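I'd like to ask some things about the structure below.
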Amino acid sequence: MRCDRVWINARLATLAPGRQGLGIVEDGVVACLGGRIAYAGPAAAAPTFEAAESIDVDGRWITPGLIDPHTHLVFAGDRAHEFELRLAGASYEEIARAGGGIVSTMRATRAASEAELIAAALPRLDALLAEGVTTVEIKSGYGLSLDDELKSLRAARALADIRRVGVTTTFLGAHALPPEYRDDEDGYVDLVCQTMIPAIAARGLADAVDGFCEGIGFSPAQIRRVFDAAKAHGLPVKLHAEQLSNLSGAALAAEYNALSADHLEHLDAAGIAAMAASGTVATLLPGAYYFTRETLVPPIAALRAAGVPMALATDCNPGTSPLTSPLLVMNMAATLFRMTVEECLAGVTREAARALGLLADRGTLEAGKACDLAIWDVERPAELVYRMGFNPLHARVWRGL
């Protein structure tokens, strides 16, 4: 078999559906041709390769490249001072009334140029890449005007031209109410549905549409309007749901066959059943749970029992999860949410790909999929979940390079 390069003497965690557990292959080989996996499996069953390059990984573990399916990487400014205020006892509402919160980030993002947003996002992206991330989802949602949302999405797309990484973009105009619409919520939803979504779809700048369904965000009726507009323009949807309260957002998302419903601390049985029926992925965000000192854990056992796929993400954002470590996310999911090692590793690979609608293309080590790999200096895959403040990444491979 002709191939561009082959990795030999490897241990594989393929995460392939149908294989038991992590899909472990103790003496494995991965071969790449044209940026796609040509073979991933036991050396004993491998064809004879005619490879331009052969790489001996000396018994290291190879997993699919990690995928971060929920981030807000593109923003300007920071909210460290608000963190200090919260530690001193100020409530989120008090900080918001004083001009902080999402509106603070909105002001900084609006004031920044596209080039400045790219420059600010690069260190955050680089931190993800340093831990094996090969695909990242990036949301808008800090511009909250047509021009600034377009600017944010262009900046997110530009990151894929600067770094070797896959980027998917999500329009999150229904994130918060900008000050100029303080007394006209439905007027802002009109803007999102009638102006922003058509303009963004026409430019091909978004791969999906998201919303924040909460008492401090947007109502289910308003989110339904956003979803209808998204569907009218051929865009799949996803939703921040049940983070702070239960507004049945997950069930609403499932009604629209959403790719994912995210957060889910307050998810109920009806929402779980709806997600299971629609195949909507539960994207869990333990960093936000930790940082906001939430006490209600997402219903992991019920999600597991219902067969709802569970993805994990950093939720990197300046207000509630200033986190750029998928390895720490896995540890948090195991320790705080009681997820298994297998669930954690699947959550940042296979199920993360599923949450982005990309499972046919990446997220597992299978022939035909993108040759996105993470090669690790560990003795067993559980170390990736078990250890904290530890980065054993040996090499990151994107599209075979």
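Keep in mind that glycine also has a Cβ here, set from the backbone N, Cα and C atoms.
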Which residue of H233, H240, H394 does Swiss-Prot report at the same Fe(3+) site as H70, H72, D315?
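Candidate in the recorded Fe(3+) site: H240.
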Just to be sure I read the record right: Y142, H175, Q243, T320 are listed as binding 4-imidazolone-5-propanoate in Swiss-Prot. Which of R79, R380, R387 is listed for the same site?
R79
At the level of the C-alpha atoms, what whole-angstrom distance separates T320 (4-imidazolone-5-propanoate binding site) and H72 (Fe(3+) binding site)?
11
To the nearest whole angstrom, state the Cα distance for the pair R79 (4-imidazolone-5-propanoate binding site) and H240 (Fe(3+) binding site).
21
Starting from the Cβ of D315 (Fe(3+) binding site), draw a 10 Å sphere and report how many other Cβ atoms land inside it.
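Summing over all protein chains shown, D315 (Fe(3+) binding site) has 27 other Cβ atoms within 10 Å.
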Check the Cα distances from H175 (4-imidazolone-5-propanoate binding site) to each of the binding-site residues H70, H240, G319 and keep only the ones within 10 Å.
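Of everything listed, what lies within 10 Å of H175 (4-imidazolone-5-propanoate binding site) (Cα to Cα) is H240.
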